[in-house]
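Asks: Pasting a structure below so you can have a look.
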Amino acid sequence: MTTFPMPDSIINGKATTPAVLPDRNTHQGKEPIPHPPPPEVAKEEMMAAVRTILLNVGEDPDREGLLKTPKRVAEAMQFLTSGYSQSLETLVNGAIFDEGHDEMVLVRDINFFSLCEHHMLPFIGKAHVAYIPNQRVIGLSKLARVVEMYARRLQVQERLTRQVAEAIETVLDPKGVAVVMEATHMCMVMRGVQKPGSWTVTSSMLGVFREDQKTREEFLNLIRHQPNF
């Protein structure tokens with residue numbers, strides 16, 4: 001876990017400890033549940049919860065159209081949160097190669113979907129992922145799979161963007177990583193402010209992308225450019 005220096009704060013006459021940044025696999029510095037229930041047990045419990053929701057919105061869960069709804073919703077939730085059962089090491093699976101390449105590698109327009117952790121409504125968009133190798137490169141499909149793994153969890157877009165960047169930095173130790181994500185959030189479209197057409201853009205720049213303006217501008221220009229195919 002990474003700590004960053006900050007002035008001591010005084011609460012009830014005592015100095016607090018330095019703030020701790022959450023690891024990419026944790027939330028607010030707390031470890032995830034170490035032993036989630038087996039998939040079939042989790043599925044049964046989710047089905048019961050969905051049935052309770054149906055009853056409390058005024059529906060009859062025993063009518064024909066809703067008989068299989070708890071099962072369908074539980075299976076959908078297991079799929080949409082399948083990133084919790086994946087690990088970075090297993091996902092990469094050794095697909096790192098010493099190619100001696102030291103110029104930017106960019107995979108853009110990676111479609112993704114995730115669930116907002118506040119309302120459990122979808123947000124959908126595109127990710128643009130780039131890195132400058134330190135001689136080693138990773139299989140291109142793995143960049144998309146890293147996005148997918150972290151997106152298939154309950155998320156906020158800001159954290160998702162940072163997690164993807166830090167994961168690539170961890171497995172490659174490159175000269176720099178840049179990630180930009182653009183998404184529309186159903187929690188802003190279907191409820192609350194109800195603003196269809198609004199997009200949220202987040203970025204995470206590490207290494208030379210953060211330190212060197214020309215490198216950062218090259219990346220931003222490349223993701224603005226529309227391909228001719």
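Each residue, glycine too, has its Cβ placed from N, Cα and C.
Residues annotated as region 'Disordered' in Swiss-Prot: 1-40. The compositional bias 'Basic and acidic residues' feature in Swiss-Prot is assigned to 24-33. Residues or ranges marked as Zn(2+) binding site by Swiss-Prot: CYS116, HIS119, CYS187.
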Asks: Which residues, in sequence order, are found in the same chain with Cβ within 8 Å of the centroid defined by the Cβ atoms of CYS116, HIS119, CYS187 at the Zn(2+) site, excluding those residues themselves?
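Replies: Apart from CYS116, HIS119, CYS187, the close residues are LEU115, GLU117, HIS118, MET120, LEU121, PHE123, HIS185, MET186, MET188, ARG191.
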Asks: Any same-chain residues 6+ apart from HIS119 (Zn(2+) binding site) with CB under 8 Å of its CB? Would you list them in sequence order, or say none?
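Replies: Listed in sequence order: CYS187, ARG191.
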Asks: DSSP on CYS116 (Zn(2+) binding site), three-state: which is it?
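Replies: For CYS116 (Zn(2+) binding site) - judged by DSSP and reduced to three states - the answer is strand.
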Asks: When you measure from the Cβ of CYS116 (Zn(2+) binding site), which residues in the chain that are at least 6 apart have a Cβ under 8 Å away?
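Replies: Within the chain, CYS116 (Zn(2+) binding site) has Cβ neighbours under 8 Å at PRO122, PHE123, LEU154, GLN155, VAL156, HIS185, MET186, CYS187.
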Asks: Determine, from DSSP, whether CYS187 (Zn(2+) binding site) sits in helix, strand or coil.
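Replies: Reduced to three states, the DSSP call for CYS187 (Zn(2+) binding site) is helix.
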Asks: Around CYS187 (Zn(2+) binding site), how many other CB atoms lie within 10 A of its CB?
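Replies: The Cβ of CYS187 (Zn(2+) binding site) has 16 Cβ neighbours within 10 Å.
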